[in-house]
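Trainee: For reference, the structure I am asking about is given below.
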Amino acid sequence: MARSDAGKLSLILLMTPFLMWIVLLIILPQIGIGYLSFQEKVGPRQYVFGVGNYVEFLSEPIYWNTLLRTAWMSILVTILALMIGFPVAYYIAKIARKRSRAALFLLCLIPLWVSDLVRAFGWIVLLRETGVISGALQSVGLIGGPVELLYNDITVVIGLVYTVVLFMIVPLVSTLEGMDNSLLEAGYNLGGTRFTVFRMIVVPYAMPGIVAGCIIVFMLTAGSYLTPILLGGKNSMWFTEQIYTQFITRYNWESGSTFGVLLLLFTSAVVWLGLRLTGQNLASTVAKE
Amino acid sequence: MFDLQGDSLTKRFGSFTAVRDVSFEVPSGSFFSILGPSGCGKTTLMRMIAGFEEPTSGDIRIKGTSVVGTPPNKRNVKMVFQHLALFPMMNIGENIAYGLKCRGENKVDIRRKVGEVLDRIGLPGVEEKQVSQLSGGQKQRIAIARCMVLEPDVLLLDEPLGALDLKLREHMKIELKQLQHQFDTTFLYITHDQSEALVMSDNVAVMKSGRFEQIGPPEQLYHAPQTAFVAGFVGDSNRFEGRLSARAGDEARVTLDAGGEMVARLGQEGLSDGAAVSVFVRPEAISAHATRGAAAADMVAVEGTVDSLLFNGANSRLLVKLDDGTQIESSHTTGAGAGARFAPGDRVTLTWAVADGLCFAAEGGA
């Protein structure tokens, strides 16, 4: 019996910090936010329960357009991160020699040493009117005057892809590393071309990693604040910026909470749809076999 | 007609020569095994036949046509991998259909062929099952079916029984042989397990350090080995080291390193007096007697003490320590009608016919 008591104790010790973290930092604030979002302001310090905030969101095209735009651009960033991350991950996991594998992986991690903010400023140094790229193009003579490369959608997308691509590479490397080379050889031996082997063996095998990477990258992008603001400026129209404005600038916590709830619901819906379309489910992605 | 021929195949990796001037011919519809210890180059040889490695020199011909330079997916040799390499993300039907799909066959044909091959291997109707739902032996058969559905000229098998437990391995040996008869296809089987090679093969090539030591039917390898390595590697043998002191016809007189003399049959030509030699005697050629009788002229007799009895059913052995310290294994019958019974510590005389002792140049010597 003592043995099972010890087991219980270690389980409790293990679960307590985790549960506290989940309850105090995730569930409670979400309940608070959810509660706030149903508070309609009818006068100074006077609130009634109702869906007015949500109605307001729908009636203002600028709000839901920003949300849709954020979602579309996040999907684009996710696709680009996958297209860039997959070859890199494949190289690290399958082509590189064992010894250089760790070094390459570390190289991917190095950008994380530097904070988001500093990295975004790095892009600004490169891309602003008086920046490195503009200057270089002028000195070569390709352009006549200084050119502003910041504050447009392409820059925002590039910056976001750069920030999140690592989170695509890590799960891909770990799934691809588990793939036995003999599967590829069997694929060729049975008559497959490079393309069929890639399409029918590599991609299906890496699917859990692809899905995990895409979910992480999409959620990170849709919830990101710093990169779109710094690189997109006033034109970025990122939904998190709207939430920030509601909370801080307009001091309208009710509306801000509504936006927060909507962002969570909307991104969750996109992830769910993505899982349905690719025929995956969350359980098989997180815990393989 | 030969389905598969190798002509002085050589493969070097840097300064290391994995396969050295190997030539062989595999007749159509036969079961050919390459037997050798791990690291002898047999896997490299198979990978060259499959097209995953290009030979440094030499030629490989499949049905008479050279395939050197042909990529693996264009060669009509299929391979059963050591760990089978069934695709885990596909079900059984899709696994078998993969090669047919690559070939661009239409759906109706694919479905029919998959059904047919599953019938032939005795697993009808498992198309919808997942790979993980099958037992080890069933996976084995699926891996073979996945290749056979493509009607290859040669099927390569890279130690496919290695991962199975003993009982299943014994069973699969027989089953593989039956499948080979049924499909009537040339099988090239790679193994380090001599009993697998002996039981299943029509011909066996014994490989050592990148070279073929001997090619022949299993009986020949067992009863008439041509080198000390083959004699020692194929089947169990007692080995006596010594020096050749005299020859008379095909009989050799050997002065043993441990002391004493032994007469044996010369197993290879060209041995000169004084050469370091090994004498091999199979345990089943030795019989044990409790009493010392007068040894016949064509018999060798040695005396020793029973060290232990190794019971293993029909393969039971008597472990005898000779007076000079050498250990000898002798066969030992234990049935009701068996002769003398022994206990550890008993004095015993071991005898065998001179012709059952084979004398070869010692390995690393001549």
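In case you wondered, yes, glycine gets a Cβ from its N, Cα and C as well.
For reference, TrEMBL lists these features for the protein:
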type     : residues  : note
DOMAIN   : A:67-274  : domain 'ABC transmembrane type-1'
TRANSMEM : A:12-38   : transmembrane segment
TRANSMEM : A:71-92   : transmembrane segment
TRANSMEM : A:104-126 : transmembrane segment
TRANSMEM : A:154-176 : transmembrane segment
TRANSMEM : A:197-220 : transmembrane segment
TRANSMEM : A:257-275 : transmembrane segment
Trainee: Looking at A:12-38, A:71-92, A:154-176, A:197-220, A:257-275, which one has the highest count of Cβ pairs under 8 angstroms to the transmembrane segment (A:104-126)?
Mentor: A:154-176
Trainee: Sequence-remote contacts (6 or more beyond its ends) of the transmembrane segment (A:154-176), Cβ cut-off under 8 Å?
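Mentor: Long-range Cβ neighbours of the transmembrane segment (A:154-176): 73-74, 76-77, 80-82, 84-86, 88-90, 92-94, 105, 108-109, 111-112, 116, 119-120, 123, 127, 202, 205-206, 208-210, 212-214, 216-217, 220-221, 224, 227-228, 230-232, 236, 238, 288.
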Trainee: Counting Cβ pairs under 8 Å to the transmembrane segment (A:71-92), which of A:12-38, A:197-220, A:257-275 comes out on top?
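Mentor: Looking at each of A:12-38, A:197-220, A:257-275 in turn, the most contacts to the transmembrane segment (A:71-92) are made by A:197-220.
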Trainee: Where else in the chain does the transmembrane segment (A:197-220) make close Cβ contacts, counting only residues six or more beyond its ends and a cut-off under 8 Å?
Mentor: 74-75, 77-78, 81-82, 85-86, 89-90, 163-165, 167-176, 179, 183-184, 187-188, 267, 270-271, 274-275, 278, 280, 284-286, 288
